[in-house]
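Asker: I have a structure here, written as structure tokens, and I will follow up with some questions on it.
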Amino acid sequence: MSSRSIVFMGTPEFACPTLQALIDRGERLLAVVTQPDRPKGRGHKLMPPPVKELALAHDIPVLQPHRVRASAFVESIRQLAPELIVVVAFGQILPKALLDIPPLGCVNVHASLLPRYRGAAPLNWCIINGETETGVTTMLMDTGLDTGPMLLKRSTPIDENEDIVSLHDRMASLGAELLAETLDGLREGRIEPQPQNDSLSCYAPLLKKEHGLIDWQRPARQIHNQVRGLAAWPGAQTLLNGHALKLFRTRVADGAGAPGTVLCSTGGQLEVACLDGSLLIQELQLAGKKRLDSASFLAGCPIAEGTLLGGAATERPIP
């Protein structure tokens, strides 16, 4: 099977399995384009994106433009003359001048069943909204936000207790598999691009810290979904005696009481009332402390039954 000349564009860990799949297939990777190194941690040390580290480990040239719309960058890609550009969670909108360069087009791997959940955080919002199924779509890119013609789709169920960390890893692998299948299908002429139905679309906007603020005046299931969907970042949080308390793992229960009230804090269990039902908090973290299971947390930080969690600062609904 003849290889294609490809420029790969991606940034986070999610994109790494797809890049690795291209390497393993023997595709001719002319360059990898990724976001600039960013300061991280308390020391604000510049850290390379995961995709950059993988590319350098395989001696693939790396480009890190601050703006992909810059004419100098577009010209550098034109000089490489790729047959195809593959994009996975790159992080910038590509201009038409760049999209027009490869004769075979630009193929994007998007982590949703398009046209639903276009945008920056599809997996998180799928979970937050209580979806029971999601998937991956490959598409030919146009100048819109995830609006191009679809190539292939692969669906997968979401368990009611699965969080974003688990789903992210599964979908990253699924995306790599689907991209390989897509490239084979395009090479063999087996794929007919399908237009998206815009009337069925919805958007998954970039996450903000305020999306993590818990409003206990909501049903337990909705708060549970919020915890699952934000477990990686920013974390769902409330207040305990004025201190930020992040929740990482919960289960829905059928307790009743005033929303935000601690119903049970004995036997290693921490149960909090919601508008409809209650939550069993199984893993949590107080500001400045370690992330712990509920039994370990309560052993070091007892919470009296009847304690009210939250307050004016946290009682804001998720948009």
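Just so it is clear, glycine is given a Cβ too, placed from its N, Cα and C backbone atoms.
Swiss-Prot feature annotations, pasted as is:
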type: BINDING; residues: S112, L113, L114, P115; note: (6S)-5,6,7,8-tetrahydrofolate binding site
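For each feature listed, report its degree of burial, its nearest neighbours and the pertinent distances within the displayed model.
Answerer: S112 ((6S)-5,6,7,8-tetrahydrofolate binding site) falls within neither a helix nor a strand when secondary structure is assigned with DSSP, and so counts as coil.
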Asker: Within a 10 Å radius of its Cβ, which of these binding-site residues (L113, L114) has the fewest neighbouring Cβ atoms?
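Answerer: Output over binding-site residues L113, L114: least Cβ neighbours within 10 Å is L113.
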Asker: I want the residues beyond S112, L113, L114, P115 whose C-beta is within 8 angstroms of the mean position of the (6S)-5,6,7,8-tetrahydrofolate site's C-beta atoms, in chain order.
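Answerer: In sequence order, the nearby non-listed residues are H110, R116, Y117, R118, P122, G135, T137, D146, M150, K153, Q196, S201.
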Asker: Could you tell me which of these binding-site residues, S112, P115, has the greatest number of Cβ atoms within 10 Å of its own Cβ?
Answerer: S112
